[in-house]
Amino acid sequence: VRDDSHYRFSHTSFFEYFQARNIFETLLKTDNSLADLPIDKPISAEALDFVHQIYADSGNSKQEKLQQSLSRYLTYDANTDKQASKVLRTFLAKLLLQGQSSPAPIPFPKQVDFSYLDLSNLAFIGSKQPPLDLQNAHFEHSDLLNTTFTSVLLNNAVFTNSRLDYCKFDSCHLINSCFVNQDIDQCQLTGAKFHQCVLTSARLGQVDDSCFFIDSLDMPIRQKSIVADKLTMSLGSNSSIRSVAISVDNCFLVSAGYDETVRLWDRKTQQLIGSPLQGHSDWVNSVAISTDNRFIVSAGEDKTVRLWDRKTQQPIGSPLQGHSSWVRSVAISTDNRFIVSAGYDKTVRLWDRKTQQPIGSPLQGHSDWVNSVAISTDNRFIVSAGDDKTVRLWDRKTQQPIGSPLQGHSSMVNSVAISTDNRFIVSAGYDKTVRLWDRKTQQPIGSPLQGHSSMVNSVAISTDNRFIVSAGYDKTVRLWDRKTQQPIGSPLQGHSSMVNSVAISTDNRFIVSAGYDKTVRLWDRKTQQPIGSPLQGHSNWVRSVAISTDNSFIVSASYDGSVRLWDRKTQKCLGIHYALDNNSSFCTDGNHQTTYWNPNDWDKLYATGQDENGETVILSPQRFSWLQMT
């Protein structure tokens, strides 16, 4: 088409096609004449698709020639100007990387080195990238949605402001990589090495053991590199809370997390009870309290289960050893006679509480990690669920499977619960469904409960067994009628991000949920309406919630390193517990006053508060000073 003495293409596809044809023919040249390559100009995704399609239609001879040319160009550094080679490698990297999402991608030459390249503003959506060297590469503002990287070297790579939702970094090296300002949803990091990563102002979705597989990372810096809250970081916290439990008499709480300790807190005074329980050499994943409140059980990534005397805060016997990998979940029988643990070694193990010895052999059958265990109220059977998509029942006395595995989930199972009458089991997981199972027949009860649009993270059963509550990554909490398997009302909406945990009051009148939007929310079970405003105060994702047996208060545990108590009626914060390190702790009351102490001698180190102008100050026996909170 003629336009003011110039000619232009009547349809952009013509231009993209001829541009792609020019690139393809130029790359086939043997004289290294690359002047016709648009190496300094952006190339559209449509043109890239055309290049790969032309390659697919060109026949074996030209395909082999192109692969030889690419191999020659990409190993051209020794005999050419370094800057020109880098520009060329950047162009070819964009051509090959972005083209992997096309129907007929050009294969990569062997041993490609794309390190130190600027690959910003690319779109790799849905592509699968083979093993490559992309160390020190820059991917700022790139769209990597649903991209799979397998065994790729990405050390020191920069992903600032990129889109990494649903990415998979299988067995990749991400040491010292930069993920500043990232908000990543359901990214998988299975087997990745994650040393010293920079995650300032980043939110990695469920940074635990769900879609992100954070438990499989090699990340010695731990939570310290992830916590974005400035106050917590200025205090040196590296101890996000992973698990919390409330005693049956509601007198004390137990928390545990990334600082490798278990801590007891007095519910009324909000003070630490004694010193932190030390012994674990790695993260503590799960804690439980006996029904007589006399002992505590903890389990963690040091492959051990440990018992602690509640009164003396001393270990009971030696650590329970036998697991060959991290222990994910632990439970105590209602008669307090035995303990059940499960983890990433694919086994479920029973332990005698008095002798601290294994009861029988490990319960084997799962072919992948075991995520959750539960014990029936009559202590006659155990239920486990895991990444092998199955739910399994075990006889407590014989340690043998009860029937066949409960199969039906099409993906990993996150959570399992047993009804109080032990007649049915509820499971939920990555396939977006909640499923009910008859305990006696091991058959599904009705059809799967469908409605969630993303994975289900947590499930709970009411004490009267009449309804079920589920919560998931679709930001909703849902109620289900146990008999009809139908939704009760509309989804409970209000969370602005994924919901991590859900709990039901013992009188079944209200529900509590918490998640990635840093809030705890109460819901009226009958009306399905929020009760009051969201409980706000946490500065990072809320991992877990629990309700006292008298329903008077709620406890939440967060990745900001704090446990918070909330009054159920007033929705006011009753107190905050932080774990700074193994030698100091602090508690905040509702009057903006914070007290720090040393648990070894119980002397106050200093206290903080606000002056008449609202400025934060520090008071100590030695000095009066200002604390700059920025």
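Glycine is treated like the rest: Cβ placed from N, Cα and C.
Keep in mind it's a predicted model, so treat the numbers as computed, not measured.
Annotated features, as they stand in TrEMBL:
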type   : residues : note
REPEAT : 234-275  : repeat 'WD'
REPEAT : 277-318  : repeat 'WD'
REPEAT : 320-361  : repeat 'WD'
REPEAT : 363-404  : repeat 'WD'
REPEAT : 406-447  : repeat 'WD'
REPEAT : 449-490  : repeat 'WD'
REPEAT : 492-533  : repeat 'WD'
REPEAT : 535-576  : repeat 'WD'
Non-local residues, at least 6 beyond the ends, that sit with Cβ under 8 Å of the repeat 'WD' (363-404): 209, 328-335, 337-338, 340-344, 346-350, 410-418, 420-422, 425, 427, 429, 437, 439, 442
Other parts of the chain folded back onto the repeat 'WD' (406-447), taken as Cβ under 8 Å at six or more residues beyond its ends: 210-211, 368, 371-378, 380-381, 383-393, 453-461, 463-465, 468, 470, 472, 480, 482, 485
For the repeat 'WD' (492-533), the number of residues DSSP places in helix, strand and coil: 0 helix, 20 strand, 22 coil
Same-chain residue ranges lying at least 6 outside the repeat 'WD' (320-361) that approach it to Cβ under 8 Å: 209, 215, 282, 285-292, 294-295, 297-301, 303-307, 367-375, 377-379, 382, 384, 386, 394, 396, 399
Secondary structure tally of the repeat 'WD' (535-576) (DSSP, helix then strand then coil): 0 helix, 23 strand, 19 coil
Averaged pLDDT, computed only over the residues in the repeat 'WD' (449-490): 93
